[in-house]
Each structure stands twice: as structure tokens, then as C-alpha cells.
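**Student:** Handing you a structure now.
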Amino acid sequence: MAFECQESTEISKNLANYSESNHSSYNSAPENLETSKPSLDFNPKKGISSFYGSKQLPPNDVFTNARRSITDLPPALVSEILNYLDPKELGIISCVSTILHNIASEHHVWKEFYCERWGLPVASGLLGAGASDEKSWKKLFVERDFRSKTFLGRCSIDVLYGHTEAVRTVFLLASAKLIFTAGYDSVVRMWDMEEGLSIASSRPLGCTIRAVAADTKLLVAGGTDGFIHCWKAVESLKHLFDLKGVEKQNKEFRLWEHEGPITSLALDLTRIYSGSWDMTVRVWDRSSLKCTQVLRHGDWVWSLVPHDTTVVSTSGSDVFLWQTNTGTLLNVIQNGHVGNTYALARSCTGDFLFTGGEDGAIHMFEIISGSDESSVVQVATWIPHSGAVYSLAFEFPWLVSASSDGKLALIDVRKLLRASKRTLGKRVSRDNDIDQRNIEPPQRMLHGFGCNLFSVGIGADRIVCGGEEGVVRIWNFSEALEIEQRARALRGIRLENRMRRRRLQIEMNNKGGRTDQCSVAAKKKTVNGDRNSVWHSKRSISSKVKT
């Protein structure tokens, strides 16, 4: 972070010469020294030269100002400066000094970093009693960011059997540890996420269920009959929903206004969103259960994803961005894919949009909201599949796609995002023109099962998928970090044992070297050796003397 340019070097030399040349005059005639205020004109090209260029400051004041640091600024100004840093830069700043470490660690921006990536923690127990303490947000962020690396580790695969025909839709409700699935057998099933066991199933609804969505208050399912089947949560039930209607009869109801099969559903705190092959997207009020907006398209609606007061929908090959309060069309991405655009996913901030289509491609867009209209800019493109992309799911930083080729692709998009306070993580790390060659390919491909994967979900260190086979697969990465730690420990033990054996071998070789030296000396002085040696010559001399 420290650098030195030519102008700064010249400034320091001028300051030194200035102090030497004026030291005597400063001591002898202090009354003649001008003490007027320095000029605060700033020239960006000359740096601080305009500040110190005039001979109006005494040298001591010059050196005093030069020793000032960022910690001398008012706390409010320091906090505003830190708002423009991303988590990595804040971590670097915290290593500079103790003061900056305390400021960076206690900064309120950690809560915003967490929320812009994963949203508010649904489980209140995550924060506990220290929810108001901003240090806990940094700890939560660091732990969650560390856990995001689990999808590159080892996993276990669970297969859930229960459906008699193809599974068209899956939904993972991580906050309640529940999985909801439905398909051609017209039954909605609820599974325990951790145990992989079937909890309950609905009565046959009489049609193919193509869409399911849920939160902790409401479960909705839509099918080819045009009805939206709804179940309210029962507080006394551990698993929230009574699909069979045994506990309370008034917890199940239906909504109907669509004139065609329902293909997509979504929920937020106040609305229900439904898309249909009748070429409309309908927005429902959750309290009154009335349809408040009808968004009309020119082709079948395949998918939708809401955020705040906007909703994105796909119709044919086009992608539409709507204002839900007024029903205004904000923007259209025409011919987003070759063929139909089947799948959509959106980031927690709603500023990044992912689309998947019949051509097997995945596009990433940035939504830039303006005062009057919103613009959409394409950021990246991947083509990981040889078949149509039917479903997308996103949890920062992983984008997961399910395709008709029977494969799942995991794409890490964190390098395409650059968080900051001003844009709340909305800026994209791109130059004027994005070089597609610099975009990384999918980090991992999951395969080994049949073709036509129709739906995928991600959350709680798990990936859930359903397809034409009629089974639900769960890739469990929750123990990936622990497995990696054990593997590293075993590798360390093996390395230590190898080094110990090597040291013992070296010691044995050193001891064996002494015996080798003795054997070499014995070979040089053998009894049956050369008869002309000194010892034999002495013996012959002594025999002559005796004679």
C-alpha cells in the first residue's frame, strides 16, 4: 500500500533543504518569520506540493503534519472511509495496528457484508444474546465464508425413495431443515433434511405438480390444473405443515385465477408469485389472498424470481423485469437464449441475475437500478452442459445448475463480484470490456445418474436434486471440512513417520559405514597377500641370522 513517486521524493528533498537553509534565520529572527495560514489549494497532479510549496510554514509544523496518520481523523470520518472497503481489505487494514484492528473489527459494515450475501439469519439462535454486539456479525461472516468452501470437499450422497414417477420440483427450506418434493405422481412429500426420512405426504392432488415454494408460515404447490394448493403452518407441529389435514381442517386452501398449468411459484413476506402457461404472472396478497397484479406476457411463462418490489420472469426466450407495485415493465432482455429460457436465479441483494436456457448456456447479468428505469448488463456466460438447463439455484458464492444431460454444475462467482458500501456489493469486477477467456469454468461437476434433472436446490451445505428417475438425491457437504481436517492430520502423521524412518535409516547407514572401513583395511592386509610385503621380508631376514 505504500509507494513513492518522483514528485514525493523531490518534495522531501526540498523540505530538507528548506529546513537547513532557514534554520539559522528561524532561530535568530523569529519575529520576521511569516506565520500566515498555509494555502489549502489541492492539485491532484502535484499531490501535497501545493500545500507545502509556499514558505509560510515553519519546518517543525511541516514535520508535525507529516507524521499524522488516519487514526488522527475523527472517528466518523474513519468509519466513512472503511465503508468503501470490502471484507478482504478490512482484514488487511486490521493487521496494520491495534487501533485499526479494533476499528475494523467492530465496524457495523460486517452486518451489511453478511446480509448482502446470505440475507438475515433466519434462525434467531445464531446470534443468541450477543445479537446487538457488532463483533458477532464479523464472527458470523467469517464462519459462513469459511463454510462456503465445503462444496469443493468430499461429500456423502443420500437417495430418497418414495415418488412413483418423475420428480419435477424440489424445494429446500434450510431454516426448518425440511425438503419438499413433487412431480408426476401428483403428491407433495415432505422430508427431514438431516435424517433423509419421509415425514408426511399429501393426498393425490389430481394433476402434475410442477412448482413448490415454502417458508416457515406457508407452503404452496401449483400444477397443471391451474390451482395453487396452500397449507398454513401449524404452530404445534414440529415439522410445521399438516399435509394430510389430520390436525386442523382449515389449514389447507386453494387459490384459482390462472387459466393454464402453473409452472413457477415464489414467496416473500407479503406476496405470493405464480407463473403459468396462460402467459401471465400473478401477484397475490398473502393477508387477503387476493390477486393484486397481473403481468401479461406474449408466450408461456417458465420461471420467475422476485426481490423486494421487482420480479423477473421468463417467457419464451425473453427475460422481463417488472415493478410489482405498479405492474410497470422496467426492462426486457430479448433473445436471452437460443430457444426457451427455462431457469432463473437471483442474488440476495437482487442485483445479479442468472438465466439458463434450452441451449445449455448460463448467463449472468447485473441489474442497475436507476431513478426512472433499470438497465441490465451482461457480465459472464458459461456453457457447462450439452443439454437444456432446467433449473438454477444460488447461494453465495455458488451457482448450481441442473440439466437434461444428467449433470450438475457448480460455479463460483465470487471473483465476478466486488462488494462496497456505496453500491452494497452491486459493482462487478470488470473493465470496459469483459474478456470471456478470463472467466473461470465451473469448479465442479456432479454426475453419475440418469438424464433429465428437472430441479435443484442449495442450502445448509447440501445440494438437493430431482429428475426423471423418480428419486431425490442429496449431496451432503456438511462434514467436508471435518473430513479435510482429518485427512490433513493423517497426512501429517504419515509424513512424520516417513521422516522418522528416514532419520533411523541415516543413523544405521552411519553405523554401517564404520564396519565397512574395517573391512576395507582387512582387505588391504590379507595373510595370503603379496609375499614381497614388509612383514615377510623381516621374517626372511631373521631366519638368515639364525642360520
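Cβ atoms are placed via backbone N, Cα and C, with glycine included.
Here the structure is a predicted model, which means the values were calculated and not measured.
The annotation domain 'F-box' is assigned in TrEMBL to 67-113. Residues or ranges marked as repeat 'WD' by TrEMBL: 160-201, 255-294.
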**Student:** So how many of the residues in the repeat 'WD' (255-294) end up helix, strand or coil by DSSP?
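**Tutor:** Per DSSP, the residues of the repeat 'WD' (255-294) fall into 0 helix, 24 strand, 16 coil.
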**Student:** Run through the domain 'F-box' (67-113) and tell me, per DSSP, how many residues are helix, strand and coil.
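**Tutor:** Going by DSSP assignments, the domain 'F-box' (67-113) contains 32 helix, 0 strand, 15 coil.
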**Student:** Mean pLDDT, the repeat 'WD' (255-294)?
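**Tutor:** Across the repeat 'WD' (255-294), the average pLDDT comes out at 95.
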